[in-house]
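Feature annotations, reproduced from TrEMBL:
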- 19-89: domain 'RNA polymerase sigma-70 region 2' (DOMAIN)
- 168-211: domain 'RNA polymerase sigma-70 region 4' (DOMAIN)
- 215-244: region 'Disordered' (REGION)
Amino acid sequence: MSHGDRPRRPLRPDQQALVAEAVPLVEKLCGHFLRRTRAHYVADDLRSAAVQALHEAALGYDPARGVPFQVYAWRRVDGALSDALQQESKHWRAAREDGYDAAEAAQDTSDVLADGDAETTAQADGMADQVAAAAVLGLVGRALTAQGEEGERLRATYDRAIRAVEAALSRLPDEERRVLVLRHVEERTWQAIGAALGCSERTAKRRSAEAQKRFAGALRADRQRAQGGAAAPERVGLAGATSG
């Protein structure tokens, strides 16, 4: 949705009047779009894209063609919302893939015959945390490596997630932090990660799974700490985390 950051050409008074009259229509369209797609996590960005599309519609509108402005604007705003959500969805799809990988790697060590309810619940919660943590790592990694206006927008949109990831990573040993950054931020292959760590691909995967488990625990602890009103832990920046 980086197009919403472009400088806007000024509108003439008659174009400004068209925009003012169409604002309620745009709000209605945004509301309908959000209910239909459930994309509330990027509601602000979608509204920004809609407003930009309305502005551009006013600039390009020609009343001599006989099409009412609200009809003309509706088509363009609806298209802008769809384009914006499609652009955003590619990052979430990539994050889900990291979550799927984590789900495949997560080991269920519970014993349905010996474990009590508390142990079973704790094991399920831990596995869920690992999958969610992998998705967050993937999303943050792509936000940090995206270029240009899109990168700036992603980093602004997911600033809280980036800060949470940096805080959780700061509590891990250097090697564990390194393997997670190599995998989720730099998107290295397992072969490349093994070479960087001086180990086999199998060992790299095992180390990543162990690091991911501890990272998920750190995220949960930080979340519980924040809910209790405690001060946030120190953060370590991700830039240059794999050097050396």
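Glycine too: its Cβ is placed from the backbone N, Cα and C atoms.
Taking H, G and I as helix, E and B as strand and the rest as coil, DSSP gives the domain 'RNA polymerase sigma-70 region 2' (19-89) the counts 64 helix, 0 strand, 7 coil. Per-residue pLDDT, averaged across the domain 'RNA polymerase sigma-70 region 4' (168-211), gives 90. Taken through DSSP, the domain 'RNA polymerase sigma-70 region 4' (168-211) splits into 33 helix, 0 strand, 11 coil.
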